[in-house]
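Q: As listed in Swiss-Prot for this protein:
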type	residues	note
TOPO_DOM	1-30	topological domain 'Cytoplasmic'
TOPO_DOM	50-68	topological domain 'Periplasmic'
TOPO_DOM	88-99	topological domain 'Cytoplasmic'
TOPO_DOM	119-149	topological domain 'Periplasmic'
TOPO_DOM	191-209	topological domain 'Periplasmic'
TOPO_DOM	229-241	topological domain 'Cytoplasmic'
TOPO_DOM	261-281	topological domain 'Periplasmic'
TOPO_DOM	301-320	topological domain 'Cytoplasmic'
TOPO_DOM	340-350	topological domain 'Periplasmic'
TOPO_DOM	370-378	topological domain 'Cytoplasmic'
TOPO_DOM	399-405	topological domain 'Periplasmic'
TOPO_DOM	425-441	topological domain 'Cytoplasmic'
TRANSMEM	31-49	transmembrane segment
TRANSMEM	69-87	transmembrane segment
TRANSMEM	100-118	transmembrane segment
TRANSMEM	150-168	transmembrane segment
TRANSMEM	172-190	transmembrane segment
TRANSMEM	210-228	transmembrane segment
TRANSMEM	242-260	transmembrane segment
TRANSMEM	282-300	transmembrane segment
TRANSMEM	321-339	transmembrane segment
TRANSMEM	351-369	transmembrane segment
TRANSMEM	379-398	transmembrane segment
TRANSMEM	406-424	transmembrane segment
Amino acid sequence: MIIEHSAEVRGKTPLYRHLYVQVLAAIAAGILLGHFYPDIGTELKPLGDAFIRLVKMIIAPVIFLTVATGIAGMTDLAKVGRVAGKAMIYFLAFSTLALVVGLVVANVVQPGAGMHIDPASLDAKAVATYAEKAHEQSITGFLMNIIPTTLVGAFAEGDILQVLFISVLFGISLAIVGKKAEPVVDFLQALTLPIFRLVAILMKAAPIGAFGAMAFTIGKYGIASIANLAMLIGTFYLTSFLFVFIVLGAVARYNGFSILSLIRYIKEELLLVLGTSSSEAALPGLMNKMEKAGCKRSVVGLVIPTGYSFNLDGTNIYMTLAALFIAQATDTPLSYGDQILLLLVAMLSSKGAAGITGAGFITLAATLSVVPSVPVAGMALILGIDRFMSECRALTNFVGNAVATIVVAKWEGELDQAQLSAALGGEASVEAIPAVVQPAE
């Protein structure tokens, strides 16, 4: 699907009509309201929740149409396996690197040193729910959950990996049938237009959702709660910033594009993630923009939904950094062997808890429960600020998946470099999400 807007028309668009400006203003208004009128702010949570539900409602159709039509158009079905294999290699490499970065930074900065907190004085009940959910997760259970019990159930539940699983199988079956399936493929391609137009309509509510979510966050937790653990928050934000601009920036430069240009290209989606703390809210927009930036639909459809479960750079940085913070704060010594064990467990548990609400915190609980040296009760120290850290996790995860999509597309020879340069340089009308704010009149 292509939604075109000429550069000339876009140049005349008033600033206030751009989605990123509206969302940014809404975030600022939400912070002010939540700070000065916290009681009112906490009552606005339904606005953020309703918007996220609206977007989640459309995620399954977007993934299905993108993946099924993309694979159906492939003449070489072996390419599906190659794309998936290359994506998983990339995900494993950079997820591990993110875990190592968090571990190294925690050892160098030591954000929890000097706190001298007795684990026995902490309220373990506060994190009991997360620990219980963590014990329910396993690698086997996670893999089995990818296969839905019914065809309709995957779409009804909105499980991304289940929908992706069905979409891949259906796309392969369409490709095998060949010409006889062309009417079905044509129908699905035609259905793509109204589905993405619906996404455009839903995105008009993004400022309202961001306003409600931010007002609730500040109203409930307060800006003052940040000051108590400012060292940990600052370390995590700075580490994530450096990971994006140095590590991912180097990957981008090696593959022929600029990380700054990419961030500028997806700024509307990033602000949406910031306002809602949910990367899922921007998934349809990211898939659309990556396709318009020159990545083939088949690659976009496979890499992005899979990356939402397996390519969580921000979450991985958070896990090892937070685990060592708890150890330092509670004066729990960790040998190099303990830290290597922590790293290995985190590599597995980060996959077992993928796709779960509050996955970052639950994954941390799962990791600590297997590494006996670090007290799980220590998670109570960061429970109050986790909401503020989740925004940075989501943003880092989001940028990581955008970079991964372009890189895998280039590896597979499914990237139009000229179209990518035009999109990131703003020289061509390849953006789809601006249509969210300014539909053709």
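Using the three backbone atoms N, Cα and C, a Cβ is placed for every residue, glycine included.
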Q: Is the count of Cβ pairs under 8 Å between the transmembrane segment (100-118) and the transmembrane segment (321-339), pairs 6 or more apart in sequence, 3 or more?
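A: Per Cβ check, the transmembrane segment (100-118) touches the transmembrane segment (321-339).
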Q: Is it true that the transmembrane segment (406-424) and the transmembrane segment (69-87) have 3 or more CB pairs under 8 Å, sequence gap of 6 or more?
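A: Yes, these stretches are in contact.
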Q: Under the DSSP assignment, what numbers of helix, strand and coil residues are found in the topological domain 'Cytoplasmic' (229-241)?
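A: Tallied per class, the topological domain 'Cytoplasmic' (229-241) gives 12 helix, 0 strand, 1 coil.
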